[in-house]
């Protein structure tokens with residue numbers, strides 16, 4: 001597995017800033033939710049810029065072949081974005097972030113991810129039940 005300092009910076013950006021914004025969206029309604037989704041879109045743009053700057057033409061794979069630390073760590077969470085969308089009834093990651101969507105969809109097709117990600121329907125059911133109980 002390939003690991004460098006840039007991976008760690010992007011992982012910190014993702015889990016330190018982007019992931020908490022998901023919780024803000026889930027816990028908000030109406031205009032507050034719209035603002036939180038727009039903030040998420042802007043954060044994902046920064047993430048996209050970081051990927052392009054640090055890994056031009058290589059994401060999500062190092063040298064086009066090997067899944068790296070960044071892909072594994074972020075992909076294990078972000079590849080489930082459609083299940084989260086369905087569970088809360090809102091599109092969180094849209095075409096406003098085409099590079100991020102492209103990167104995540106490429107990750108979803110990687111054998112490691114297809115073998116380890118939870119089944120979509122089961123995840124939607126579990127997330128929906130969890131959200132209804134809170």
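Any Cβ shown, glycine's included, is placed from N, Cα and C.
The following features are taken from TrEMBL:
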type     : residues : note
DOMAIN   : 1-134    : domain 'GST C-terminal'
TRANSMEM : 6-26     : transmembrane segment
Should anything in the same chain at least six residues away from the transmembrane segment (6-26) have a Cβ under 8 Å from its Cβ atoms, list it; otherwise answer none.
33, 36-37, 39-40, 43-44, 46-47, 50-51, 54-55, 68-70, 73-74, 77-78, 84, 88, 90, 92, 131
Mind checking how the domain 'GST C-terminal' (1-134) divides into helix, strand and coil residues in DSSP?
96 helix, 4 strand, 34 coil
